[in-house]
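Novice: Would you mind keeping the following structure in view while I ask a few things?
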C-alpha cells in the first residue's frame, strides 16, 4: 500500500514539467488569439443586446397585453416584472459578453492544448501548436451567431406562443386579490428570517467546506482520480486547489442569495393554501430545509436542529415537495462508497453528446427531406417561405424534424427498446443518455410518447396517417386538400392520432428554440433548396412549379388509393 502511494507521487512529479509546458503553451496561444475572440464576442453580443432591446421591449409589452392566458391583474404584474427583467437584461447582457469573451478567448486555447495530447490523437505535437488558435476566433463567431438566433428566432417563437396560446379550460388565470396582503406579509417575513438564518448557517459551515474540499482535492491529486483523471482536466483541477477559498466564498454568497427565493416562496404557500399561518410555518421550516441540504452536501450529520412544521394541508406535499429533502439523500451516510475510477470521461461525453445527437437528427432530416422533395411533398413554397423567415409555422422547420423524431419513436417502439433507437443502431436509454438538463426536458416527454405509441400498437395504415399529420399538421389547408380522413379510421382514433401529432410538434417546436438548432437548420434548408433545384432541372419557372404540384398530386392519389 505504501509503495503504491510513492509510485503515484513519483508519477505526479514526473508529470509536472510536461504539465507546465502545456500550460505555458496554452497561455501563450491565449495571449495571442484571446483578445481577438474577446473583441468579437464583446462587440457582437453587446451590439445584439443593445440593438434588439427596443424591439424586445415593445414586442414583450404587446404579447403580454394581447395574451388570453392571464387576466388583467396578472397582465399588470407581468408588465412590471418584464420591465425590471428587460432593464436587468441590458446590464447582464453587456457584462456577460465581456466575461464570456474572456472565458472563451483565454481558456479555450489552454483546453485545446491539453486536449491535443489526449488518447487517440494523431500528430499530437502539431495539434499542440495548432489547436485552439484560429478555431478560438471562429468559435467566438459561432457563439455570437447562436446568441443572435436565440434573441431573434427563439425569443419571438416563445413570445408568439404566449400571445396565441389559448388558456387551459378556456378560462384565463387570475390572481385572488384577497390573499395578496397576506402573501406580501409572509414574503417579507421570509426574506428577513431566511436572510439572517441562512447567513449564520453558511458562516458556521464555511470552515467545514473549506478544509473538507481541500482534503478531497489533495487526495484526488495524489491518486490521479476524480477531476485529475483526465489529462485535459488536470490544469483546471490544479487551479481548483489554489482557488478553492474563492469557491467557498462564492458558495457562501450563493447561500445568502438563496435566501431570497426561499423567503419569497412563503408568498406562494400563503396564496396556494389560503392561509397566512401555513405561510409563516413555511418560513420557519425553510431554515430547517436549508440546514438539511447543506449537511448532505458537506457530508455532515443528517437532519437539522431547527424545527420543521407542517406548511401544507396535504402532509405529503409538505415533506415530499420540491423543497423537501429528496429520497436520494437518505442512504448517503449509511453506505459511503469510494470514488470509482471511470474509464474515460471524455469518451463517454463524445459518445452521447447532445450536439452530436442534434447533428444526427439533421442528417436524417436531410435524407428524408430529399426524398420528400423528390416526391413533391416538400414544395418550393415551403423552402422559400422558410428562407423568408416564416418559421413560426411551417412544414419544413417543425414538420420535418417532428417527422424524423416520429420515425425514431416508431423504430424504438417496434424494437421494444427502453430508450430511443437512432438510425445508425445506437440506442440511448435513461441510464446512458447525455447528462444535460436541457436534454432531459426533451428526452423524458419523448419517452412518454414512445410508450404510448407502443401501447396503442398502431397498424401500418394508422402509422401512415400519423406520419402525414405530423408532417403537415401546421398547414391545415394542405391536410384538407391532399390528405382527407381515411374511411377505415374511426373519429376517436383519428382524434387520438391528431393529438399525438400536436404533442410531437409541440416538443419539436421547443427543440427548435435551442440556440444551435437554427444554425444547423439553415444548412438543411440550403441543402434541400439545392435538391429542389436539381429535381426541377435547375428551373424555378412556373412550369417547374406546376410539374412539382402534379407530382405531389400523383403521390397523394396513390396514397389514397392504397388506403382505400
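A Cβ is built for glycine as well, from the same backbone N, Cα and C atoms used for every other residue.
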Novice: Look up transmembrane segment in TrEMBL and report which of 183-206, 255-278, 279-302 it refers to.
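Specialist: The listed stretch tagged transmembrane segment in TrEMBL is 183-206.
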Novice: Of the ranges 316-335, 336-355, 356-375, which one does TrEMBL list as region 'Disordered'?
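Specialist: Spelled out, TrEMBL records region 'Disordered' over residues 316-335, not the other listed ranges.
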Novice: With TrEMBL as the source, identify the stretch among 38-64, 119-145 annotated transmembrane segment.
Specialist: 38-64
Novice: Which stretch does TrEMBL mark as transmembrane segment, out of 147-166, 207-226, 227-246?
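Specialist: Result: 227-246 is the stretch TrEMBL calls transmembrane segment.
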Novice: Can you work out which residues elsewhere in the same chain, 6+ from the ends of the transmembrane segment (183-206), have a Cβ less than 8 Å from its Cβ atoms?
Specialist: 248, 251-252, 255-256, 258-260, 262-271, 276, 279-280, 282-284, 286-287, 290-291, 294, 298, 300, 306
